[in-house]
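The block underneath contains the structure these notes are about, expressed in structure tokens.
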Amino acid sequence: MPLFGSIFSPKKTPPRKSASLSNLHSLDRSTRELELGLDYGTPTMNLAGQSLKFENGQWVADSVISGGVDRRETQRLRKRNQQLEEENNLLRLKVDILLDMLSETTAESHLKDKELDELKVTNRRRK
């Protein structure tokens with residue numbers, strides 16, 4: 001056991017060799033272009049028998065969807081769905097307004113009934 005040395009000092013690791021694992025750096029430009037290509041095209045994938053490609057930031061069906069609905073039909077259905085959601089939101093707003101109106105009218109009716117009962121009681125006391 002050393003008196004003035006640290007027993008926890010690790011041994012130094014030997015430096016790594018700087019050999020590259022790929023031989024792409026040794027190829028000339030034309031060979032690299034042939035091997036790797038510069039035009040990658042749009043990314044495509046197959047998922048559950050459906051071919052999809054990435055266009056304009058969205059995955060769209062490359063051809064006909066497995067259910068027999070094409071891309072235009074899907075877009076039309078999405079647009080219709082959006083319209084129906086907007087209509088549904090408008091109808092919910094109208095129902096909320098009608099419920100507020102009903103509760104206000106009911107409260108006014110109860111107040112008038114109370115006033116009428118008080119007037120009847122005061123009228124009976126006068127007689």
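Cβ coordinates are placed from backbone N, Cα and C, and glycine is handled just like the others.
Feature annotations, reproduced from Swiss-Prot:
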- 68-110: coiled coil (COILED)
- Ser9: phosphoserine (MOD_RES)
- Ser20: phosphoserine (MOD_RES)
- 1-25: region 'Disordered' (REGION)
- 60-112: region 'Minimal region for the interaction with PKD2' (REGION)
- 77-98: region 'Leucine-zipper' (REGION)
Intrachain residues whose Cβ lies under 8 Å of the coiled coil (68-110), provided they are six or more past its termini: 60-61
Per-region confidence, the region 'Minimal region for the interaction with PKD2' (60-112) (mean pLDDT, whole number): 89
Cβ-Cβ neighbours of Ser9 (phosphoserine) (radius 10 Å): 8
Tally of DSSP helical, extended and coil residues in the region 'Minimal region for the interaction with PKD2' (60-112): 42 helix, 2 strand, 9 coil
DSSP-derived class (H/G/I helix, E/B strand, else coil) of Ser9 (phosphoserine): coil
